[in-house]
Amino acid sequence: MGAVRLAVIDYEAGNLHSACKGLERAGAEVQLVTEPTGLAAFDGIVLPGDGAFDPAMQQLRARGFGKAIREAVERQQPFLGICLGLQVLFESSEEGTEPGLSIVPGRVQRFRPEAGLRIPHMGWNQLQLTQAHSPLWAGIPDQTWAYFVHSYHGVPSDPAWVAATTQHGSQTCVAAIARGALFATQFHPEKSGPYGLKMLRNFVEFVARCSPLSAPRA
């Protein structure tokens, strides 16, 4: 059996190098894709990203990825969004005026100012796992530390989407969402040490279980 083949979407939203290297360390064969043609042939899809909501959505739509990502999620093709790749799944964002992908009902909101609170939320913070049996959390203890860099956070209309939260000042924000074969993290697993790498391995192993022709490399 071959290695899990993951398409990493390149839409000019930040440096994808660390995400690709993390996925390769997790046992996947990674290919950067700049157009949606052939996405269905991959075992799974990864959407990393840093930056602003509106330019990201403009790039995704201009390249034809908007429809392609929605179709991939509908057919239960394994999908992992990271940071901005989580936020664009929502319907809209306070950061801009562009509509999101509308895969996750809800809106992306900015952290509320409060005394002593640093915005952006940057650095290590702990995860409260709300979907304890999610495949992403296999072998991951509650209160694991993860690395964040963001000023906005997704607020799903349905709390059942929430797979983990974190606390920034007095505000509880969504750290991860999951449903079916879709997973997304607001934090950067590829920058979150051994447990972050374990999360990426968990995703690769989940993809392998969904695709009997592939298996993660040792």
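Cβ atoms are placed via backbone N, Cα and C, with glycine included.
If you look up Swiss-Prot, you'll see Cys83 marked as active site, nucleophile. Under a cutoff of 8 A between CB atoms, and with a sequence separation of 6+ in the same chain, the neighbours of Cys83 (active site, nucleophile) are Gly14, Pro48, Gly49, Asp50, Val149, His150, Thr185, Gln186, Phe187, His188.
Residues or ranges marked as active site by Swiss-Prot on the basis of sequence analysis: His188 (among others). Under DSSP, His188 (active site) is assigned to coil, being neither helix nor strand in the three-state scheme.
Summarising the annotation, Swiss-Prot assigns active site to Glu190 (among others) and lists sequence analysis as the type of evidence.
Marked as domain 'Glutamine amidotransferase type-1' by Swiss-Prot on the basis of sequence analysis: 5-213.
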PLDDT averaged over every residue in the domain 'Glutamine amidotransferase type-1' (5-213): 96
Neighbourhood of Glu190 (active site), C-beta criterion under 8 angstroms, separation at least six: Ser18, Ala19, Lys21, Gly22, Leu23, Ile82, Gly196, Leu197, Leu200
Neighbour count (Cβ, 10 Å) for His188 (active site): 20
